[in-house]
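Q: Residues or ranges marked as GTP binding site in Swiss-Prot (evidence: sequence analysis): 30-37, 57-61, 75-78, 142-145, 174-176. If you look up Swiss-Prot, you'll see S37, T59 marked as Mg(2+) binding site, on the strength of sequence analysis. The annotation domain 'EngB-type G' is assigned in Swiss-Prot to 22-195 on the grounds of sequence analysis.
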Amino acid sequence: MKVTKAELAHVAVKAEQYPKNQLPELALAGRSNVGKSSFINKMLNRKGLARTSGQPGKTQTLNFYEINERLYFVDVPGYGYAKVSKTERAAWGKMIETYLSEREELKAVLQLVDIRHRPSEDDQLMYNWMKHYGIPVILVATKADKIPKGKWQKQLTAIAKTLDKEASDPLLFFSSATGLGKDEAWRTILNHLKVTE
């Protein structure tokens with residue numbers, strides 16, 4: 001998809017702060033430092049729109065990125081990072097759970113996992129939780145440029161097996177460094193939203 005307009009339109013910690021224009025939303029979930037901000041920047045052709053950080057756990061709000069005035073990417077705080085207090089983690093958890101389980105505009109979750117490693121227990125819990133709530137999932141294996149091409153399929157198979165992936169859930173590989181998988185990711189997203197480019 002050709003992105004002509006992209007902006008961070010809303011930052012929210014509670015439902016009253018969510019967008020009101022009823023555009024379809026795709027949430028991005030994943031462990032801290034899996035590359036969500038880099039994924040957003042590459043997909044939207046905007047280098048510094050989503051701020052990347054060497055500090056895991058940097059995103060502490062729901063960040064709504066409006067794209068072409070047609071849909072939103074919603075960056076969700078990364079999970080599985082220990083260097084925040086239990087109280088903060090509980091607050092994030094509640095905020096994320098409320099958004100994911102109650103938001104009508106949410107059409108799917110892009111769950112990002114690192115292609116180099118088997119999904120963690122947190123990844124598995126997140127995937128199972130979304131399945132429990134009937135939320136469609138598009139799995140994106142990031143950092144594909146970090147391993148040889150010959151190992152991609154083996155790693156994707158391991159990811160699918162570890163998560164006990166449902167056959168209907170797409171599993172894509174992606175590299176924010178090279179743009180690999182970007183067109184396929186957009187095709188999958190638009191197909192899922194049943195909208196044309």
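The backbone N, Cα and C atoms fix where each Cβ goes, and this holds for glycine too.
Mind running through what each feature is packed against?
A: Within its own chain, K143 (GTP binding site) has G35, D114, I115, R116, S175, S176, A177 as residues 6 or more apart in sequence whose C-beta sits under 8 angstroms from its own.
A sphere of 10 angstroms centred on the C-beta of S37 (Mg(2+) binding site) encloses 22 other C-beta atoms.
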Q: Per DSSP, F174 (GTP binding site) is which: helix, strand or coil?
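A: Assignment for F174 (GTP binding site) reads coil.
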Q: If you average per-residue pLDDT over the domain 'EngB-type G' (22-195), what number do you get?
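A: The answer is 89, the mean pLDDT of the model over that range.
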Q: Check G30 (GTP binding site) against DSSP and tell me helix, strand or coil, would you?
A: strand
Q: Could you tell me which of these binding-site residues, G30, N33, K36, T61, F174, has the fewest other Cβ atoms within 10 Å of its Cβ?
A: T61
